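Taken from TrEMBL, the feature signal peptide covers 1-15. Taken from TrEMBL, the feature disulfide bond applies to CYS24-CYS40. Marked as domain 'Cupin type-1' by TrEMBL: 55-205. As annotated by TrEMBL, oxalate binding site applies to ASN99, HIS104, GLU109. For HIS102, HIS104, GLU109, HIS150, the entry in TrEMBL reads Mn(2+) binding site.
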Amino acid sequence: LAILLALASWQGMASDPSPLQDLCVADMHSPAVLVNGFACLNPMDVNADHFFKAAMLDTPRKTNKVGSNVTLINVMQIPGLNTLGISIARIDYAPLGQNPPHTHPRAIEILMVLEGTLHVGFVTSNPDNKFFSKVLNKGDVFVFPVGLIHFQFNPNPYKPAVAITALSSQNPGAITIANAVFGSKPPISDDVLAKAFQVEKGTIDWLQAQFWENNHY
């Protein structure tokens, strides 16, 4: 019985909770107490536009200084995604650009290359920290397990790349490792980070002084 309960709870935590009705369009203006998701809009007020967005995901995006731009379409853009446990993103990569090491705390990710070539990879949790990587070409697909640190890098110095990715959450979240560690507000003590990374405090101070730009738009 304990084993069955453990398996059932693991399945329950693997993605967003299953919906209990056909739809639960997010009511962004509801005064109701916040729950794990959004309160449901009155079904009588729901229309097709709640499930639609003219996202123009076929249009190239301008990339930032790390050479990428993530255009995420989640429940904040399409209220009809509430309780449905899925979202989608277009990722643009400049030549030699990257979507730097990051995690999605609430989602599995599956990525397909639309244009160009990508070097992708993820690292397993402690203590093994095993690194899995692959070079992907147009039409190739790769999966990043939930919560693990992963990245994508365009190795071509002359041509951009584009990918489409699907995530198993209406709000997958993203934690970019460098931004979180060196750009937190307020900053993490340089004593802590110098010890953790085994470098001089001056190196940490320099890293914390950088502008850690977000590439999710």
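Every residue, even glycine, has its Cβ placed from backbone N, Cα and C.
Location within the structure of each feature annotated in TrEMBL.
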residue	record	contacts (Cβ under 8 Å, 6+ apart)
CYS24	disulfide bond	GLY37, PHE38, CYS40, LEU41, ASN82, THR83
ASN99	oxalate binding site	VAL66, SER68, VAL70, ILE91, TYR93, PHE151, GLN152, PHE153, ASN215
HIS102	Mn(2+) binding site	ILE149, HIS150, PHE151, ALA174, ILE175, THR176, ILE177
HIS104	oxalate binding site	PHE144, VAL146, GLY147, LEU167, SER169, PRO172, GLY173, ALA174, ILE175
GLU109	oxalate binding site	VAL143, PHE144, HIS150, THR165, ALA166, LEU167, SER168, PRO172
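Residues belonging to the domain 'Cupin type-1' (55-205) score a mean pLDDT of 96 in the model. Listed in sequence order, the residues THR103, ALA107, PHE122, PHE144, LEU148, ILE149, PRO172, ALA174 complete the 8 Å Cβ shell around the Mn(2+) site centroid, once HIS102, HIS104, GLU109, HIS150 themselves are left out. Apart from ASN99, HIS104, GLU109, the oxalate site neighbourhood in this chain, defined by C-beta within 8 angstroms of the site C-beta centre, holds ALA89, HIS102, THR103, ALA107, LEU111, PHE144, HIS150, THR165, LEU167, PRO172, ALA174. A simple way to gauge crowding: the CB of CYS40 (disulfide bond) has 21 other CB atoms within 10 angstroms, across all the protein chains here.
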